[in-house]
Amino acid sequence: RSSLLPGREGAARGGTSSARAGGAHAGLSAWIQVASSSEGHHTYLSVHALNVLTGLPATGLAVHLSQLRDPNQAWMELMTSATSTDGRMDKSQLASLQLESGTYKLRFATGEYWQQQGLSSFYPYVEVVFTITKAERKVHVPLLLSPYSYVTYRGS
């Protein structure tokens, strides 16, 4: 399987790992349509978050989506949402976005999430920064999290 990034094979990996992560994946599942104004094709962004302690979707996890703006290099928040009981972001909010190619950031409020679960956490939040190019059709950003570790990578 080849990467959607030109000149790169496989998936980029980041974050830290958890022995409990196993092969499980589920949770926050949303598609964001990214419109390319110059070529008229679309890229789809999917995001998944899983509580690896329970193997269930990370319900009630606040997620902020921002875009990096040039030339001042400031982040502009595009939306904030919390995952529902089935682990999904609000589809009507996502559908209203008109995103372009660029650099984006997903900020997951993991400290608040774990506090709601009655647990303490080492990470108050997790930020995943990624770039969407015009050539991409699909970008997948999974997040597997526990109170003291997380894993994120370029999914397929």
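Positions of Cβ are set from backbone N, Cα and C atoms, glycine also.
Look at TrEMBL and you will find 1-22 tagged as region 'Disordered'.
What TrEMBL lists as domain 'Transthyretin/hydroxyisourate hydrolase' is 40-155.
Per TrEMBL, substrate binding site is recorded for His48, Arg88, Tyr153. Taken residue by residue with DSSP, Tyr153 (substrate binding site) is part of a strand.
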Name the residue among the binding-site residues His48, Tyr153 whose Cβ has the smallest number of other Cβ atoms within 10 Å. Tyr153
For the domain 'Transthyretin/hydroxyisourate hydrolase' (40-155), report the average pLDDT of the model, please. 86
